[in-house]
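Here's the structure we're looking at; comments come further down.
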Amino acid sequence: MSGSQTLVVKLGTSVLTGGSRRLNRAHIVELVRQCAQQHAAGHRIVIVTSGAIAAGREHLGYPELPATIATKQLLAAVGQSRLIQLWEQLFSIYGIHVGQMLLTRADMEDRERFLNARDTMRALLDNNIVPVINENDAVATAEIKVGDNDNLSALAAILADADKLLLLTDQAGLFTADPRNNPDAELIREVNGINDALRSIAGDSVSGLGTGGMSTKLQAADVACRAGIDVVIAAGSKPGVIGDVIADISVGTRFHAVDAPLESRKHWIFGAPPAGEITVDDGALSAILERGSSLLPKGIRRVEGNFSRGEVIRVRSLAGRDVAHAVTRYNSDALRMIAGHHSQQIAEILGYEYGPVAIHRDDMIIN
């Protein structure tokens, strides 16, 4: 790929700490140097940084605290300001300004908030400012889980309209087996499409300070590739890794973007975490997959979770297959009432209606 590129670089806690209990500042300095070099060459760089909790623990002198959500939020609240200050100081050496964006998944679930976040991201990039993104762990609850910043980096890549997403980790890439305990494990260099076989070999490599594993990196790669973004998983310790990815030099594992990426308005649907799920019968499944039809209430067998009209939900088959992500036209209570009924009965059952379909085909993304 030639010309100016937009690259999102995700740095996990294991990369920022080198597997220790404190931030490895010497290594972070080197990564900033690489980013600054590419920035000076005309490329647009976005940083997705983990490490707030590790920075907070370090600043407080490594207290022995219970491993609870409240403790993680406490450490994140203390560490986040330290972390952004570090990024700001290091990039300022090269005359580069940074702009902090703290996000939660809720910013991606709502279309208006998604567009606002996208506009902020692109304004920063248009003014040669490096966005530094982290999850707002100090207020998030369910968000502090395995894979948050992996998946967040894919969403950041979508917001930035990125060309590539680089997931830096403590492994050289995706292997055929866990290289830590299998000497025959081989590095997978190229991936065209993520399937169940790949998912089954993606073992976890979670450090004590972070919340990410290889399986969540596959999830992030899937989201980004379907949005038309190439993804590379590589070792953060590899010299010149950021420049290599920009220059299309083979490094780590490269996931190629799909040939027909999702249209822009559907990006947020695919990236948003489902607020609930519905199970459809075989007739509805066939209509959705083979004829591209909308989902009628008649085909709904089961509704799980509590969600509002307009939220993203998961559609499953009777066999448990994850069929689609979609925006529902009715809330969960209404769907439970009209499930299995003909569309003509909606108004009679509910006393109102938002149309004859539960999910319109234009608001559905097939997995």
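Glycine is no exception: its Cβ is also placed from the backbone N, Cα and C atoms.
Feature annotation from Swiss-Prot assigns ATP binding site to LYS10, THR169, ASP170, THR211, GLY212, GLY213, MET214, SER215, THR216, LYS217. In this structure, THR216 (ATP binding site) is part of a helix by DSSP. Residue density at THR216 (ATP binding site): 22 other Cβ atoms are found within 10 A of its Cβ, drawing on all protein chains shown.
As annotated by Swiss-Prot, substrate binding site applies to SER50, ASP137, ASN149.
The domain 'PUA' annotation in Swiss-Prot covers 275-353.
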Neighbouring C-beta atoms (10 Å sphere around the C-beta of ASP170 (ATP binding site)): 17
Number of helical, extended and coil residues in the domain 'PUA' (275-353), per DSSP: 28 helix, 21 strand, 30 coil
Integer Å distance between the CA atoms belonging to MET214 (ATP binding site) and ASN149 (substrate binding site): 12
Binding-site residues near SER50 (substrate binding site) (Cα-Cα within 10 Å), from LYS10, MET214, THR216: LYS10
